[in-house]
Amino acid sequence: MLVTSFNCGWILSFSNLVMWPLGWTWGIICLIVVGFYTAYANWLLAAFHFIDDRRFIRYRDLMGYVYGKSMYHLTWVFQFLTLLLGNMGFILLGGKALKAINSEFSDSPLRLQYYIVITGAAYFLYSFFIPTISAMRNWLGASAVLTFTYIILLLIVLVKDGKSRSNRDYDLSGSEVSKVFNAFGAISAIIVANTSGLLPEIQSTLRKPAVKNMRKALYLQYTVGVLFYYGVTVMGYWAYGTMVSAYLPENLSGPKWINVLINAIVFLQSIVSQHMFVAPIHEALDTKFLEIDKAMHSGENLKRLFLLRAFFFTGNTFVAAAFPFMGDFVNFLGSFSLVPLTFMFPSMVFIKVKGRTARIEKKAWHWFNIVFSFLLTIATTISAIRLIVNNIQKYHFFADA
């Protein structure tokens, strides 16, 4: 689940969002350093699945138990916003994949917004018929096959295109100030590439011993899994340089059948991946509005489930259609909400749970993590807002981007 979900179609934007602002040297350094830092933070958080013989299957429950109701609500707000923005990004991604298919057969494809609506409808239907993470089990195998198929085909085309292009440009453009802000945006994108803010929820689905098995899964993600999404990120930049698109398949030279197949697989795989990341929101809404004493598929609950899913995806689809800029979703997602969830909160839990018995150097390290991630949150959020403001000034709402 981890490997296939983190190798979803989002990785097709990282060559542009990570390598283009940083260039080769800082791009590779940041990929490695932020990747290790993220792996460590998740490894640390996995240890707190049990505290005082209590099991925590939701991040907000863990933070609420350790720090009280205020942190419970703050964690849930951060998670909710992360998942909400992530789902909007998925809808935009699916729309771009469908439009790219249409572009292979027509010189005047329909506007992007039509495909965004189609994608939102497809996600809605999947979430209605497959309402929970546990119901996804039969789909994960197919998702894994689709994931590795499109990545292998993509890498083949990238190698071919890279060898045939001799005039690639890797020079960083813009003022020094814009380069700094773009660099923080790139760091946000790397964080999005490596984490989800959902580790306790994912850990709750594992067999005992949950901590050991979660860490095994993390080892797999940050060894095997990272090779694929980092590989696509680096190879995309190598093949096209500063001309690399925010949606990588737009650069592919073909042949046509490979372009169509890659985009079709990206669309299909995104249906499964988006559902895993948005499942906690569905669960919260279902718990609040469905009749718990009745079966999920009872007549009354089916009506309520239909309305909940329809309301959710209608709102997300509208926002994605009105503001169709992939980089904005990625950078904003990786800034003010995902940075605290990934780096700050695990160290806060450590200080509270193990601070009295921990050695002084360990406590100093975790206080450093807290302060550093707080400053990083501010810097990356400013960078994300700056990008959004620039796009608002440059484009109009419902742009055919």
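Even glycines carry a Cβ here, placed using N, Cα and C.
Whatever TrEMBL says is automated annotation, not expert-curated.
Going by TrEMBL, these are the annotated features:
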DOMAIN    4-385  domain 'Amino acid transporter transmembrane'
TRANSMEM  24-51  transmembrane segment
TRANSMEM  72-92  transmembrane segment
TRANSMEM  112-132  transmembrane segment
TRANSMEM  139-160  transmembrane segment
TRANSMEM  180-199  transmembrane segment
TRANSMEM  219-240  transmembrane segment
TRANSMEM  260-285  transmembrane segment
TRANSMEM  306-326  transmembrane segment
TRANSMEM  332-353  transmembrane segment
TRANSMEM  365-389  transmembrane segment
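Beyond the transmembrane segment (72-92), the same-chain residues lying 6 or more positions past its ends with a Cβ under 8 Å from any Cβ of the stretch are 8-10, 59-64, 116, 119-120, 123, 196-198, 270, 273-274, 277-278, 280-281, 284, 313, 316-317, 319-320, 324, 326, 329-330, 332-333, 337-338, 340-341, 345.
Within the chain carrying the transmembrane segment (332-353), a Cβ under 8 angstroms from the stretch's Cβ atoms is held by residues 37-38, 41-42, 44-45, 48, 51, 59, 62-63, 66-67, 75, 78-79, 81-82, 85-86, 89, 187-192, 195, 197, 362-363, 366-367, 369-370, 372-374, 376-377, 380-381, 383-385, 388, all 6 or more beyond its ends.
Of the ranges 139-160, 219-240, 260-285, 365-389, the one with the most Cβ pairs under 8 Å to the transmembrane segment (24-51) is 219-240. In this chain, the transmembrane segment (365-389) does not touch the transmembrane segment (306-326); fewer than three CB pairs sit within less than 8 A of each other, excluding pairs fewer than 6 residues apart.
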